[in-house]
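According to TrEMBL, the signal peptide annotation covers 1-20. Under the heading domain 'Nose resistant-to-fluoxetine protein N-terminal', TrEMBL lists 41-176. Summarising the annotation, TrEMBL assigns transmembrane segment to 282-299, 320-339, 378-398, 405-426, 446-468, 480-504, 524-549, 561-578, 598-619.
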Amino acid sequence: MKFSQIFVFLFLNLLNLFETQENFIKNHSLILPQSKNYNYDELCRKQLLKFSQALIENQDWAIRLFDTWAKIQASYLRGNSMNVGDFHSCVKFRYDEIQGQHCLVTFSALTNSTSENDVKDFNLKTFANLLQIYKISPTNGFCLPASCSTENVVEFLNQEFLLQNDLVAIDAKCKTNNIAPLDLIDYFSITIYEITSIKRNKNINKLFISFSIYTNGAKLFDVTKIKTKSSLNCLHGLKALSILWIILGHRFDFQNLWLNSSDYRDFLKTPLSSIIKTHQNAVDTFLVIGGLLMTWSTLKHCEKNNLNILRMIWKRYLRLTPVLAAIILFVISFEKFLITGPFDIDFLKEPCLKNWWMALLHIQNYLDFPEMCIIHSWYLSLDFQLFFISSFIIYLIYKFGKKFLAIPAFLCLVSIIYSLIISFIFDARLRTVKNGEGFFNYMRLLYFQTQSRASPWFIGMIFGYFLYFNSGKTLKINKLINGFLWILAISVIFGIVLLQQAFYISKFPSTSAHAFFIAFEKNIWALAICWIIFACEVLKTGSIVRWLLSLPQWQPISRMSLSMYIIGLVYQIFVYSNQLVPMVISFWNVLPAYWSDIFGITFFSAIFYLAFEAPPILIEEYFHKKSKKLKCECTKEGVEKYFYPNYTCSFHKDNPEKSSTFDFEFYYRKPLTKFWTTASLETKIHDKFQPLFSIKKMEICKELSNMENNKNPLFVLIYKTVQDVLPDLVHPCPYSEFVVHNVTFDMKFVPTYMRLGEYRLIIDTFATEKGESVCLITSVTNMQ
């Protein structure tokens with residue numbers, strides 16, 4: 001028997017087109033092409049011949065290998081076109097020098113037949129006819145010798161068998177269970193981990209506390225409800241529910257891996273599915289919150305007169321990028337060690353090998369979406385670009401007045417008009433039952449790009465400005481109006497969700513209907529979200545909704561929502577890739593899978609948050625605060641020039657020749673309702689200052705006197721310093737006019753055992769009529 005005939009015999013057994021080997025041997029001459037010589041690897045060719053001959057002879061090892069192959073199965077017309085076969089048995093197979101290699105081969109028909117009348121006697125060509133008529137591209141699992149490359153498998157299938165029968169192999173992915181070799185980037189990753197581990201075993205200082213799992217974990221899982229008038233507690237609930245909605249939507253984004261994919265399409269026609277398909281609206285919620293918080297924090301910096309736009313942008317970059325960089329490194333380097341199933345995730349890895357730098361620069365949302373590294377990280381690019389632009393806009397608004405709110409309003413209008421025009425010109429359409437070029441144009445031109453997605457952010461900015469200047473106030477409106485606006489907001493949210501269902505089943509086929517919905521839907525959604533925030537935080541209405549969104553239990557999920565967003569889809573892809581068979585879609589299958597996703601994503605997100613998200617911000621704060629302390633100097637001239645502070649100070653040495661004494665000068669303008677300080681004493685050891693003692697967030701007016709009876713000399717030192725410098729502030733903080741105090745702090749307050757060496761006394765102080773920080777004292781002196 002010719003080699004090509006042997007292989008076709010095996011392939012037809014795969015398709016179950018003949019009942020027995022004897023039937024095939026009788027009929028093979030009628031359908032097989034002539035054998036040809038192709039440039040196959042010699043070892044591959046020898047092992048295939050050995051396997052084929054052993055199978056014909058019914059040898060046990062060959063039958064076991066062939067038994068792992070996928071066979072033709074039921075319900076092709078329901079979308080059941082993938083059969084993996086027995087993946088694990090295949091890759092574990094060993095016999096002499098033959099090692100099993102599992103190959104998922106996708107093939108399709110070349111025939112031009114489009115009518116069921118063309119199907120007559122059932123053979124391979126008529127089988128190809130059926131594939132063409134019903135637009136089916138089956139994927140079946142083969143177990144072949146590992147000596148055969150992917151190219152060998154595809155070429156052999158096409159040239160020896162498929163092309164002559166109007167079939168063509170269009171893709172093949174082969175896997176063995178060999179231990180993957182380490183790449184250069186793997187060594188790089190391991191080296192980073194090793195260096196970090198060594199560093200963390202050294203003596204702990206304030207910088208390394210940034211990496212503390214205990215400290216960062218306590219902050220992450222803190223569920224204390226903030227009760228200040230300016231707190232925005234409902235934002236935690238909105239962020240947490242939005243990220244959980246996104247995870248649910250991503251769970252359904254792999255319909256090609258469902259066993260009954262046609263049933264999935266039927267399911268998407270039901271009203272219940274509208275909740276799943278509209279998870280992209282949660283992204284618009286994040287954009288509204290992002291614009292609001294960005295405006296809020298910028299205005300706070302402006303009021304303190306310490307706005308540094310470049311630092312704000314840098315902090316935002318540090319907020320978004322380290323977790324993304326870590327997951328990119330993880331996908332590129334470690335996926336080969338973690339994927340043990342038949343499905344491949346090259347679509348996740350390959351774009352990162354090419355475009356990782358665009359992802360880290362946050363500009364990749366202008367790539368075609370198959371080229372994006374970690375495709376869902378397009379949102380991070382969008383967020384950073386909008387934050388960058390908005391930083392300058394908010395400064396102009398604060399500097400020149402609210403008339404500059406016209407800028408975000410104008411940009412919002414531009415975004416709406418752009419979406420409307422592009423939708424009309426390119427016939428962009430939302431997802432429909434038959435996704436075609438219109439949906440592709442929508443994804444390519446509108447879904448990812450900043451100019452079409454920016455309007456909810458700018459609405460959030462305008463709302464944030466209004467909210468900031470009304471924080472701490474409780475406004476009242478007519479109960480009927482309040483109730484009407486609540487009903488309207490909830491109706492808008494549910495209406496948008498259900499309308500998308502109507503577009504999916506093509507109830508609105510016209511281009512204009514899709515264009516208007518695409519252009520206006522996210523803006524109406526944003527306005528509804530703004531009303532909910534306003535009603536909950538300013539009007540204090542909303543009853544159950546306000547209670548639900550303000551639950552402190554949402555806070556941990558809200559804090560790590562960024563990590564959950566980045567890790568979530570990657571985690572789900574890894575789970576899918578390790579499935580041995582495609583999953584049957586049903587409510588009772590998906591529900592436990594979703595809760596499993598929540599548990600796994602939350603667990604790994606907490607790890608990534610503690611390792612990569614929290615530390616960079618704390619490190620930046622550490623170096624910024626350190627730099628600020630060394631350079632800070634508040635002078636009398638500064639007080640006269642900027643009279644906004646309640647309190648300011650300066651430090652200078654009384655006698656440059658004798659460094660054992662130094663003076664503090666204090667200036668007051670307004671009544672001090674509260675006075676906070678953080679005082680610390682540090683000494684220089686091995687050219688680095690180490691903390692000896694510190695008091696953090698002590699309210700002088702109420703608690704300083706509690707230190708008077710403490711016998712610890714360090715307490716005495718700090719107490720005496722603050723008491724002598726601020727003698728009249730211990731009780732009851734009375735100053736209301738401009739006053740100057742000169743007080744000398746000299747050696748008598750320094751215990752004898754502390755007089756050798758170099759010390760640094762740091763007192764951070766600020767008065768809070770409106771919560772603003774106004775002063776910082778730094779001193780460095782040699783007390784010998």
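Counting starts with 1 at the first residue shown.
Yeah, the Cβs are placed from backbone N, Cα and C, and that goes for glycine too.
Since this is a predicted model, take the numbers as computed values, not measurements.
Here the transmembrane segment (378-398) sits against the transmembrane segment (446-468); at least 3 CB pairs are under 8 Å, leaving out pairs fewer than 6 apart in sequence. Tallying C-beta pairs under 8 angstroms between the transmembrane segment (320-339) and each of 282-299, 405-426, 561-578 places 561-578 first. Tertiary neighbourhood of the transmembrane segment (405-426): same-chain residues 390, 393, 396-397, 438, 441-442, 445-446, 451-455, 458-459, 461-462, 465, 511-512, 514-516, 518-520, 523, selected by CB-CB distance under 8 Å and a gap of 6+ residues from either end. Counting only same-chain residues 6+ beyond the ends of the transmembrane segment (446-468), those with a CB under 8 A from a CB of the stretch are 232, 280, 283-285, 287-296, 299-300, 365-366, 369, 372, 378, 381-382, 385-386, 390, 393-394, 397, 402, 405, 408-409, 411-412, 414-416, 418-419, 422-423, 428, 518, 522-523, 525-527, 530, 533-534, 537-538.
Looking just at the domain 'Nose resistant-to-fluoxetine protein N-terminal' (41-176), the mean pLDDT is 76.
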